[in-house]
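*Asks:* I have a structure I would like to understand better, so I am pasting it below and will then ask my questions one at a time.
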Amino acid sequence: MASQLTDAFARKFYYLRLSVTDVCNFRCTYCLPDGYKPAGVTNKGFLSLDEIRRVTRAFANLGTEKVRLTGGEPSLRRDFCDIIAAVRENPSIRQIAVTTNGYRLARDVAQWREAGLTAVNVSVDSLDARQFHAITGQDKFRQVMAGIDAAFDAGFEKVKVNTVLMRDVNHHQLDTFLNWIQSRPIQLRFIELMETGEGSDLFRKHHISGATIRDELLKRGWIHQLRSRADGPAQVFCHPDYQGEIGLIMPYEKDFCASCNRLRVSSVGKLHLCLFGDGGVDLRDLLAEEGQQAALMARIETALLGKKQTHFLHQGNTGITQNLSYIGG
């Protein structure tokens, strides 16, 4: 095995976020308010199953322990179960997760688990069915809730729920969310709204710091937990009276990037060193044949030397990220 992926700032990278499509059937206000429009797809289309197999093998050989399958909506891929199984072929990858809008969970989550999936994140921005419809453009609230129940029934001990925190939309609904997770092993993660190229007006209107939630949690006796090395950037809080947990993801917080441990590969095979970085390094020409593994690994290692110490969101620089479906958030 090659040496562990490490950048110029001694950060080690154990975590790959792999987008398998940028197509999504929801129209979330903060991501694709006008619905999906094909943009970044080349004539080759999205990564094939064999290309996914090769890129994940290269990352596994470079020390990756966790792969998250993202989109768009990854479950729109008809071969999604095969994708999970292909990633599972790497014994050093201990965690295989998916981030999903949840609309296919009730139908398919048991099959995903059987294929090798170890963790599920579901996007739910409101626990009010009408507001959920207004945010997502889809009247699927009950279907998504049934999907979360199905994930528990399939044997997942914990489900993570991602909630984009928005001023005057859901920031004042903390009590509703806390009641929901009191008797459920759900880690509810409030994610600060991030500015994207297409979403700057929305950002100015609805951004609110996660610190408002953190202050309220601490006031109510919630306890800040320590992070493990393959964890994401969430600050996680627990409470003895609650089965669930609260996570806060605050990209505008000081030193947010100091604990960065993930790299991203887009659905067309570009390596992105940062969600809000410029450009991307094309890996696709090295995904055609089995004999290209050494060259592929070398390109990944070389590219990592160019990773910057921090994003530049504070200066309003969102890089190439026009919307979050492009790289997979």
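First residue shown is number 1, and so on along the chain.
Yeah, the Cβs are placed from backbone N, Cα and C, and that goes for glycine too.
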*Asks:* From C238, C274, grab the residue that Swiss-Prot records in the same [4Fe-4S] cluster 2 site as C257, C260.
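*Replies:* My reading of Swiss-Prot gives C274 as the candidate in that site.
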*Asks:* Which one is it: of the binding-site residues R17, T99, S123, K160, R264, whose Cα lies the shortest distance from the Cα of C28 ([4Fe-4S] cluster 1 binding site)?
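*Replies:* Of all the candidates listed, S123 is nearest in space.
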*Asks:* In which DSSP state, out of helix, strand and coil, do we find K160 (GTP binding site)?
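*Replies:* DSSP assigns K160 (GTP binding site) to strand.
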*Asks:* CB neighbours of C257 ([4Fe-4S] cluster 2 binding site) within 10 A?
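*Replies:* The answer is 18.
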*Asks:* Can you tell me how many other Cβ atoms are located within 10 Å of the Cβ belonging to R262 (GTP binding site)?
*Replies:* 19
*Asks:* Rounded to a whole number, how many Å is the Cα of S123 (S-adenosyl-L-methionine binding site) away from the Cα of C257 ([4Fe-4S] cluster 2 binding site)?
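*Replies:* Per the Cα atoms, S123 (S-adenosyl-L-methionine binding site) and C257 ([4Fe-4S] cluster 2 binding site) stand 23 Å apart.
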*Asks:* Do me a favour and check the Cα-Cα span between R262 (GTP binding site) and C274 ([4Fe-4S] cluster 2 binding site); whole Å is fine.
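*Replies:* About 8 Å separate the Cα atoms of these two residues.
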*Asks:* Please tell me which one of the binding-site residues listed here (C24, G72, M194) sits closest to T99 (GTP binding site), measuring Cα to Cα?
*Replies:* G72
